Amino acid sequence: GDILDDYLRTDGVWILTRNKQFYKTNNEKECAEKCEAERNFNCRAFLFTRKKLQCLTLAENAKMTVTFNSTEAVLYEKKIYLLQCKRGIGKDYRGMEAKTWRGIPCQKWAEKTPHNPNYTPEKHPNAGLEENYCRNPDGDENGPWCYTTDPATRFDYCNIPDCEGQVTHTGEGDCMQCNGEDYHGEVSRTESGLECQRWDAQEPHMHGFTSKHFPEKDLKMNYCRNPDGEPRPWCFTTSPTKRWEYCNIPSCTTHPQVSSLGSQCLSGKGEDYRGRIAITESGNACQHWNTQFPHRHGWIPDRYPCKGLEENYCRNPDGEKRPWCYTINNRVRWEYCAIPHCDGAEPGIAGMSNVPVQVPPSEECYRGKGQSYRGTTSITASGKKCQAWNSMFPHRHEKTPDRFPNADLRDNYCRNPDGDNSPWCFTTDPSVTWEYCNLERCDDHTQE
């Protein structure tokens, strides 16, 4: 598999760490290879910045230190160091439990008092014998253990829960179809073993995913769900240092019955459109979904098996107003397509029925910093498409309609909820979190 499969990725996060090494690399894979080969310390994570192509290997992960936002950075943490549970007998357990099942603190593996150890970091460099954490260097059938700080007890076992026991099985809801957007099971732990935060709670993480805003998404209790078209179900976690994480839900062996035809015309938003139109409404040919040129994007067909991302056909995988595609014109990132309406109306009219034909001039520019801007522009200065404010994909954020009720955070229109220099939006490009919008400032003398 891919070397990055062993890491948990979090966009837009930096962590404060003393023990680190700087490298110049071309991509995340090369950075992961540096982490695997690191000899200065035990590499638990790495940071990669796309703009500077800078790679930092780290001795700490987000569980062990302070995190803060950094737009350019991507944090990759080794999953094995995030697991708080054991798989099998726990030979690969690398969690931070440091007391026995009776509550006695563990002795450090490198120390010789009160007990002289047989198992030391020097003798077993690959057994993870750091600090005084519970480990299983000898493959003990009873699981992770440690030497104790009680002179009367040389060693004892630790109380580490089984990862397998943390998944609640509920019959047919156990597995997921496609990306798990219809998953209704009761798994409520993330893939690293963290407990999920309830969807109706705003602690420790504030968010906009409530039953009120997503009534059809079954956001019950703290069960893993996929309300926003992620590659698989996820949840906010109860750990203050980890905002969200994917859940480990197995794929169902049987696939849902999907009509090979799908819909050949536009009904609703056209999410079920499976026709073969591959040209935008202005005449630009569509880019193939499985290519990254001329526009890099995250809608990779293999990751979204049920979205119909075949060839370069117009599709609506993200709940947009109607089907669209990336274009082969490097100056136009994406555009809507003109799809004939199922009721027989002309595509040019039906396709644009929910979009104003001409936005009033006053809404094509902004005054001051643009906090009063209420236009419908949804394109950034570099031509990227805006992410909807109530969506958390591809970027998780806290600028939700709930938190900024007076900022008119409708659809994916450019806005300025936080007093920035001008209207902006999160982008649908996974590699660019946000950008200012393609808007000019009004001439205050002529504009009311």
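Each residue, glycine too, has its Cβ placed from N, Cα and C.
Curation does not apply to TrEMBL; its annotations are automatic.
In the predicted model, residues of the domain 'Apple' (1-81) average a pLDDT of 87. The domain 'Apple' annotation in TrEMBL covers 1-81.
Residues annotated as domain 'Kringle' in TrEMBL: 84-163 (among others).
Annotated domain 'Kringle' per TrEMBL: 174-252 (among others), in sequence order.
The annotation disulfide bond is assigned in TrEMBL to Cys175-Cys252 (among others). Of all the Cβ atoms in the protein chains shown, 15 others lie within 10 Å of the Cβ of Cys252 (disulfide bond).
Taken from TrEMBL, the feature disulfide bond covers Cys196-Cys235 (among others). For Cys196 (disulfide bond), the same-chain residues lying six or more positions away in sequence with a CB closer than 8 A to its CB are Ser188, Arg189, Thr190, Asn222, Tyr223, Cys224, Cys235, Phe236, Thr237, Thr238, Cys247.
As annotated by TrEMBL, disulfide bond applies to Cys224-Cys247 (among others). Around the Cβ of Cys224 (disulfide bond), a 10 Å sphere holds 25 further Cβ atoms from the protein chains shown.
According to TrEMBL, the feature domain 'Kringle' maps to 264-342 (among others).
Positions annotated as disulfide bond by TrEMBL: Cys265-Cys342 (among others). Its Cβ placed at the centre, Cys342 (disulfide bond) has 15 other Cβ atoms within 10 Å.
Positions annotated as disulfide bond by TrEMBL: Cys286-Cys325 (among others). Residue environment of Cys286 (disulfide bond) contains 22 other Cβ atoms, counted within 10 Å of its Cβ in all protein chains.
Here Cys314 (disulfide bond) comes close to Tyr273, Gly275, Ile277, Ala278, Ile279, Thr280, Cys286, Pro323, Trp324, Cys325, Cys337, Ile339: these same-chain residues lie at least six apart in sequence, with C-beta atoms under 8 angstroms from its C-beta. Taken from TrEMBL, the feature disulfide bond applies to Cys314-Cys337 (among others).
The domain 'Kringle' annotation in TrEMBL covers 364-442 (among others).
The disulfide bond feature in TrEMBL is assigned to Cys365-Cys442 (among others).
If you look up TrEMBL, you'll see Cys386-Cys425 (among others) marked as disulfide bond.
Among the features that TrEMBL reports, disulfide bond is placed at Cys414-Cys437 (among others).
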*Within 10 Å of the Cβ of Cys265 (disulfide bond), how many other Cβ atoms can you find? Include all protein chains, please.*
16
*Can we call the domain 'Kringle' (364-442) and the domain 'Apple' (1-81) in contact, meaning three or more C-beta pairs below 8 angstroms at a sequence separation of 6+?*
yes
*Could you measure between Cys252 (disulfide bond) and Cys365 (disulfide bond) for me? Cα positions, answer in whole angstrom.*
50
*Since the record lists Cys337, Cys365, Cys414, Cys437, Cys442 as disulfide-bonded residues, which of them has the fewest other Cβ atoms within 10 Å of its Cβ?*
Cys365
